[in-house]
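Remarks on the structure that follows.
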């Protein structure tokens, strides 16, 4: 398959995935929309789903489907099993939506995926907390509806619950490392940064979609999952460093969001690298300006990052990390096809959104 054919196939898969969303909404809402007691709440759920689950890149959800198609022999890929793979892919997207709606409130974010954050919409506000919980609850309703009779049902339930817990522990580390209104640069170490990323991003963004497909394909051995986890945790760190870079140096018209890591006092890759390179005077500039909403102070921090040439440091990191990933995939992917991991790595390498 040449580059254009691959792109066409990917776009077709993406279209199929997006089309399945209407089925997801139907299963979650259709029966109860006219319910005399909870009809209004179900209409709200439908609105929450349609606003918050759509509009992303769908990488996590599509990864489930693509990995399932690679791991399951073609004769076992009937219409029903593909429906289940699409649904589990959407469960990963709903988990992502649950995290993003919550995260945007905690970070006082303004935009997400090129539109105003859900909680910022008139009449929504902190009711969005309950909406986020509805998104999470929808995952388990879908898994029960589509997968209850499957041998992997319990493994999927445990995987989603574990993914939520890991991510929430990561978010706790993130919030504790950077409490609002209190800047302590001593907390921003590489060790703490790696811990936050491992728990907050890598597990649900990379291991969850691949592990879900593995369970659906009947691959449930500890060794296979441990090897996949090793590769995917490394990939998750690579992805988060990119995210931190794009938060400040990305183009909001491409990324779909306006970054706030400096204002939010975040333990981001950029601030960790800045501290490793800064002179005492430069550290003082960071002390005086980091973690504050004033646009002039934010601009001073950005100027400091530019003076330390953190953009070049990022490009070097991206190259080194990609090469490290390739060797790790060669060493650890068996018995899974290396292509599963390489396709994922190539999808995020040099991404700009």
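Using N, Cα and C of the backbone, Cβ positions are placed for all residues, glycine too.
Going by what Swiss-Prot states, the isopentenyl diphosphate site holds 57, 60, 113, and the candidate of 69, 77, 96 recorded there is 96. Checking the candidates 44, 84, 112 against Swiss-Prot: the one annotated together with 200, 201, 240, 257, 266 at the dimethylallyl diphosphate site is 112. Cα of residue 266 (dimethylallyl diphosphate binding site) to Cα of residue 98 (site 'Important for determining product chain length'): a distance of 21 Å. Between the CA atoms of residue 107 (Mg(2+) 2 binding site) and residue 240 (dimethylallyl diphosphate binding site) there is a gap of 17 Å. Residues 112, 200, 201, 240, 257, 266, recorded as binding dimethylallyl diphosphate, reach a greatest CA to CA spacing of 19 Å.
The record assigns 57, 60, 96, 113 to the isopentenyl diphosphate binding site, and the maximum Cα to Cα distance across that set is 15 Å. Using residue 57 (isopentenyl diphosphate binding site) as the reference Cα, a 10 A cut-off selects none from the recorded positions 98, 99, 103, 112, 201, 257.
Here residue 103 (Mg(2+) 2 binding site) is compared against the binding-site residues 113, 200, 257, and the shortest C-alpha distance is to 200. Spacing of residue 99 (site 'Important for determining product chain length') relative to residue 200 (dimethylallyl diphosphate binding site) is 10 Å (Cα to Cα, whole number).
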